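Please read the structure below before turning to the comments.
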Amino acid sequence: MASTASAGPVDRSRQSAMIAVSVIFTFFGLAALILRLIGRFVITRRLGPDDWFMVAGMIFTLGYLIEILYGLKWNIGLHGSEDSLNDAVHLLQIVYSIQLTYNTVIYLVKTSIVVFYLRLATVDSSLRKSSLAVAAFLTLFYISSQTTTTLQCLPVQSNWDLVGKYTKKCINTEVYFYVLAVLNIIVDIVILALPINTLKDMKRGTRDKVVLFILFGVGGFSSISSIIRLYTIKVFTDSKDPFWDGVPINIWSMIEINVAVICASVPAMKPLFTKSIRDRAVTQRTQRSYNHQMMPLSGEERSGSALRSGRFRDRKEPTYSAHATGGTMGGSEEHIVGKLGGIEYEREFTVEESYIGSSKVLPQAKLSSSEKSMRS
């Protein structure tokens, strides 16, 4: 590496490719996340833990993009011979920062996917246990990898010391980053395989199966991106021009991250493109609004079986009695008997909740009613 910048023509082809790929894929990842959040609000009007993990992951992804764009000031993506000593020092600082950011993004995105699996695990205890185990492993893996990456060379300033100012003590970084990449690929495969048995047992229509096929297809591409990234790490570690040959690592890292975000967000977008699901969500919110207008006079409530019984008085109407049973994540049945002007009527309806891939779907309430004349 020369201590002064080269006066010859500058090859910016890899720099341009890195910027283009990073901006485009981050744009699509961010767009997918926004549509995911809108889809969640259409159904539940609130975000789950998996959504918040993904939001945090996208924030750090944007941070990753900012680090790359900031690197333009220091000639990121050029041959080492075209960088001055000052450029090289700042680029090494950016590389160090990117390593920590990448670890954080990967942890948040993968944890979001695993936490989402807990939505699918309401009737599959094995999936729940497996998901919790993987989530625990991801957390421990993140803490250990982040600590090791931070302290890969001591003192920390020696990571970007090119003039021998510090006495450097480093781990074998080549082996370390190989192992880190391989473990990430293994975790990708495990996460992809976790819900297969649960999804196979779900009775879904052709459209839903297509959604699941797309989900796993895109998820598989994310894993392939991780494998390609491993190859780019090998090229980088064997390179005599690391600043130039390190560019593909950033390219495939951005592809891997944003494809994972898109993959995890696609199912949650379905309500935006499926009218029946939107109608069901409106029906559910209307029913909830009706229930909120009723004031309990007496009764009892038990969680778990979700059994509630009691007498309710509408703010504007005569006395009602109600009975409801249901599970927290399964279905619920309600039996309402009312009396208005000498007419007694009975209404029964069922509200079910089910999940398609990673999307919460509320089927339309099934209503049946009868009216019986009675003596005043």
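Backbone N, Cα and C atoms are what each Cβ position is placed from, and that goes for glycine too.
Straight from TrEMBL, the features:
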- 17-39: transmembrane segment (TRANSMEM)
- 35-274: domain 'Rhodopsin' (DOMAIN)
- 51-72: transmembrane segment (TRANSMEM)
- 100-120: transmembrane segment (TRANSMEM)
- 132-155: transmembrane segment (TRANSMEM)
- 175-198: transmembrane segment (TRANSMEM)
- 210-231: transmembrane segment (TRANSMEM)
- 251-269: transmembrane segment (TRANSMEM)
- 297-333: region 'Disordered' (REGION)
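Long-range contacts of the transmembrane segment (175-198) within the same chain: residues 106, 110, 113-114, 117, 120-121, 124, 126-127, 130-131, 134, 137-138, 141, 145, 148, 152, 216, 219-220, 222-223, 226-227, 229-230, 233-234, 237, each at least 6 residues beyond the stretch ends and with a Cβ under 8 Å from a Cβ of the stretch. For the domain 'Rhodopsin' (35-274), the model gives a mean pLDDT of 88. With a threshold of 8 Å between CB atoms, the same-chain residues lying at least 6 positions outside the transmembrane segment (251-269) that come near it are 17-18, 21-22, 25-26, 28-29, 32-33, 35-36, 38-40, 50, 54, 57-58, 61, 64-65, 68, 102, 105-106, 109-110, 112-113, 116, 211, 214-215, 218-219, 221-222, 225-226, 228-229, 232, 356-359.
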